[in-house]
Amino acid sequence: MAIPSNTNMNVIMRLQIDKELGSFGAIAATIGGTGGDIVGIDVISSSKTSTTRDITVNVYDQNHAELMKQAIEKIEGVKVVFVSDQTFLMHLGGKIETQPKIPIKNRDDLSRVYTPGVARVCTAIAEEQSKAYSLTIKRNTVAIISDGTAVLGLGDIGPHAAMPVMEGKAMLFKQLAGVDAFPLCLDTKDTEEIIAIVKAIAPTFGGINLEDISAPRCFEIEQRLKEELDIPVFHDDQHGTAVVILAALLNALKITGKKIEDIKVVLTGIGAAGIACAKILTAAGVRNLVGVDRYGAINRSEHYENDSWTMFAAMTNPDNLTGSLSDVIAGADVFIGVSAPNILKVEDVKRMAKDPIVFAMANPVPEIAPEAAEPHVRVMATGRSDYPNQINNVLCFPGVFRAALDCRATEINEAMKIAAAKAIASIIEEDELSETYIIPSVFNSKVVERVREAVIQAAYETGVARRKRGEAKREAGAEEAAITM
Ligand SMILES: NC(=O)c1ccc[n+]([C@@H]2O[C@H](COP(=O)([O-])OP(=O)(O)OC[C@H]3O[C@@H](n4cnc5c(N)ncnc54)[C@H](O)[C@@H]3O)[C@@H](O)[C@H]2O)c1
Ligand SMILES: O=C(O)C[C@H](O)C(=O)O
Ligand SMILES: [Mg+2]
């Protein structure tokens with residue numbers, strides 16, 4: 001079977017090929033024979049006796065790469081110099097760095113950006129704290145905070161292992177919205193300690209993005225920080241995800257012609273993303289939503305230790321259904337998964353209502369493989385970038401924080417989130433909408449600006465913007481007109 005060209009893993013194999021004994025034809029045949037797909041060939045060097053080539057190959061996974069390497073090693077006259085994984089190469093030394101905005105060219109510059117000149121700036125801020133917004137990085141900088149307990153769908157892998165995701169989020173903040181974001185992975189799972197640490201570092205930042213902190217601790221951490229800080233605090237896995245799901249659902253329903261009030265939604269994974277998703281969908285008009293976690297449907301006949309499940313049971317599942325995912329999926333119009341890999345079976349999908357909508361968003365492995373679900377669904381979406389309809393919170397958090405920083409919002413409230421969802425959905429015009437295009441691409445240049453405008457508008461309407469209307473300018477690269485001493 002050929003590997004799709006958008007496969008997630010490709011390796012570079014550096015091969016030294018003996019000019020007399022080796023043959024490229026044998027190499028290509030061996031790679032093809034194991035199912036590898038050659039996507040690039042570069043000649044690195046050539047001597048009288050051998051040539052060295054880098055062969056870039058799409059592979060299924062690490063095992064596949066290893067099998068291919070072993071097969072090539074058996075070819076006479078061919079030596080495998082190394083095999084490198086391009087994804088790992090992109091992570092060498094981390095993915096972000098800090099850069100000065102102005103060069104320090106001489107002693108004069110030094111005495112301004114550093115001692116003694118800097119002292120006058122410090123004194124100005126000490127006398128009027130709000131000047132931190134104009135004289136430091138605060139106005140354009142967001143802290144990305146994680147404790148590494150719910151990293152993608154990998155679970156509790158710890159703060160060191162969480163860093164690549166957080167660095168990736170920082171790259172996206174900067175590239176898509178010009179926001180300087182900094183990853184801070186904390187070596188504690190203690191709710192009070194996390195709250196205390198975030199409060200203590202808050203002076204540096206204009207906003208706090210909580211990321212991959214598991215439920216139910218994430219609810220209290222976010223709630224308390226919202227109450228105790230005067231900068232916006234946003235748990236991306238809850239609200240970013242919920243916003244993008246709502247956007248995608250609004251557009252998917254246009255395709256199936258169903259009304260949001262009439263649909264039955266089955267949602268798996270009643271954690272951070274699931275609970276926020278249920279809240280936003282209910283606010284948007286969904287009346288029949290059934291949540292399923294590891295032990296089955298969340299219902300009102302059960303007693304839960306987890307308060308957030310008790311609250312969830314009270315606001316969902318109108319028919320008080322009990323049982324497994326397979327038990328409750330019958331007749332559902334929409335399946336939304338923010339839970340774990342491969343828990344939705346093709347048989348379950350077949351029992352859904354006509355024109356099923358399936359959003360399988362567990363990362364990196366969805367609740368059902370799109371290839372398996374697609375023949376039986378009307379609209380299929382995942383959280384991944386290598387399939388159509390990527391429902392990922394990256395469509396939300398850059399624009400929402402851009403807006404919050406630009407109007408200096410004290411919080412990111414419900415109205416701002418709904419505005420963001422509608423803005424994302426609105427980017428796809430009616431005549432562009434199709435089963436494989438319900439949500440704009442991450443690279444659609446309209447996304448951040450459309451979200452920004454809608455969210456700023458909602459911030460003013462709800463009275464949480466600290467800047468006067470008209471002053472909410474884009475911070476990135478913006479020069480202060482005059483610096484007040
Ligand atoms: N596409 C996106 O933008 C996006 C955004 C956020 C989260 N996610 C994905 O959603 C998943 C959950 O993220 P989270 O931050 O809410 O994590 P979380 O740990 O807060 O919640 C996960 C929930 O799923 C439940 N669960 C685990 N196995 C299950 C199973 N077999 N059946 C039913 N429920 C099960 C857990 O008990 C938990 O309640 C992850 O895979 C994450 O990558 C995707
Ligand atoms: O990181 C992502 O791709 C989305 C989301 O924040 C997740 O935790 O899965
Ligand atoms: Mg996340």
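Each Cβ is built from the backbone N, Cα and C atoms, and glycine gets one as well.
Automated prediction, rather than curation, is the source of TrEMBL annotations.
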Given that TrEMBL lists E211, D212 as binding divalent metal cation, which residue among D156, D180, D237, D262 does it place in the same site? D237
What remains of the recorded positions K169, E211, N392 after requiring a CB under 6 angstroms from ligand 3 is E211
One residue among the binding-site residues E211, D212, D237 has the fewest other C-beta atoms within 10 A of its C-beta, namely D237
Whole-number mean pLDDT, the domain 'ACT' (12-86), equals 94
Remaining residues near the recorded divalent metal cation site, that is with C-beta within 8 Å of the centroid of the site residues E211, D212, D237: S146, A150, V151, V165, L210, I213, C218, H235, D236, A272
Cα distance (Å, whole number) from K169 (active site, proton acceptor) to D212 (divalent metal cation binding site): 11
Cα-Cα, whole number of Å: N363 ((S)-malate binding site) versus D237 (divalent metal cation binding site)? 12
Expressed in Å to no decimal places, the gap between the Cα atoms of E211 (divalent metal cation binding site) and K169 (active site, proton acceptor) is 9
